[in-house]
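Visitor: Sharing a structure with you now.
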Amino acid sequence: MFRTLMNAKIHRARVTEANLDYVGSITIDEDILDAVGIVANEKVQVVNNHNGARFETYVIPGERGSGVFCLNGAAARLVQKGDVIIVISYVLVPEEKIAAHRPKIAIMDENNRIVQLIAEEPAHTVL
């Protein structure tokens, strides 16, 4: 049996742009993607901390070092520039490997820079 577990999380990134006329997806700084192991075209869930919206889309790598988090297409209606979001990817893990699974979690600052990389959810609130 397989379980769906969190594989990567980008916590408290700020939306830098919303582009309604683009075909679709979320564009994320490729350095940040590399840090948490999310790849181009990977399906992700996006959670908007400002309005509670949750939606799925896929990832397009953005310019390295830019800090870009741009929601494209229809998803652009669910965010505004400056909103704080969480981006989560999931993976199917065989039951026998669950105990060894460690997600990669990037805690972001207000400029979309990684301030901490952790391998498990903290037991307290992280801002």
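Each residue, glycine too, has its Cβ placed from N, Cα and C.
Here's the feature list from Swiss-Prot:
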- SER25: active site, schiff-base intermediate with substrate (ACT_SITE)
- SER25: pyruvic acid (Ser) (MOD_RES)
- THR57, GLY73, ALA74, ALA75: substrate binding site (BINDING)
- TYR58: active site, proton donor (ACT_SITE)
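For each listed feature, how buried is it and what is near it?
Guide: Annotation note: SER25 (active site, schiff-base intermediate with substrate) sits in a strand segment as assigned by DSSP.
Within 10 Å of the C-beta of THR57 (substrate binding site) there are 19 other C-beta atoms, taking all protein chains into account.
A strand conformation is recorded for TYR58 (active site, proton donor) in the three-state DSSP classification.
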Visitor: Among THR57, GLY73, ALA74, ALA75, the annotated substrate contacts, find the widest CA pair distance and round it to a whole Å.
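Guide: Across THR57, GLY73, ALA74, ALA75, the widest Cα separation comes out at 10 Å.
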Visitor: State the Cα to Cα distance, in Å, between SER25 (active site, schiff-base intermediate with substrate) and GLY73 (substrate binding site), rounded to an integer.
Guide: 7
Visitor: Taking the center of the Cβ atoms of THR57, GLY73, ALA74, ALA75 at the recorded substrate site, which other residues in this chain have a Cβ no more than 8 Å from that point?
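Guide: Surrounding the site, in chain order, are GLY24, SER25, ILE26, PHE55, LEU71, ASN72, ALA76, ARG77, LEU78.
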